[in-house]
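Summarising the annotation, Swiss-Prot assigns disulfide bond to CYS51-CYS68, CYS58-CYS72, CYS67-CYS76 and lists similarity to another entry as the type of evidence. What Swiss-Prot records for 1-22 is signal peptide, and it gives sequence analysis as the kind of evidence.
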Amino acid sequence: MKLTCMMIVAVLFLTAWTFVTADDSRNGLDYLFPKARHEMNPKASRDIKRCRPGGMICGFPKPGPYCCSGWCFVVCL
């Protein structure tokens, strides 16, 4: 009984600690990158292509923003 109560208190404490020490109560990854965007060099960012067009080699099969279509299977689809 004592062990159960101690475990419940520990879980509640750790949960509260996580919420108190969090930087942002919203999903932090969604808001992390837009905050840092103003620190980027605008001239350097113009030279970087955002995505690869269809037919370009992309490396390995994965969905994501690497290809403009969002799909890669050796070449961008």
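Heads up, the Cβ atoms here are built off N, Cα and C, so glycines get one too.
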Cβ neighbour count (within 10 Å, all chains shown) around CYS72 (disulfide bond): 20
Among CYS58, CYS68 [disulfide-bonded residues], residue with fewest other Cβ within 10 Å: CYS68
Integer Cα-Cα distance in angstrom, CYS67 (disulfide bond) to CYS51 (disulfide bond): 5
C-alpha spacing of CYS58 (disulfide bond) relative to CYS76 (disulfide bond), in angstrom: 6
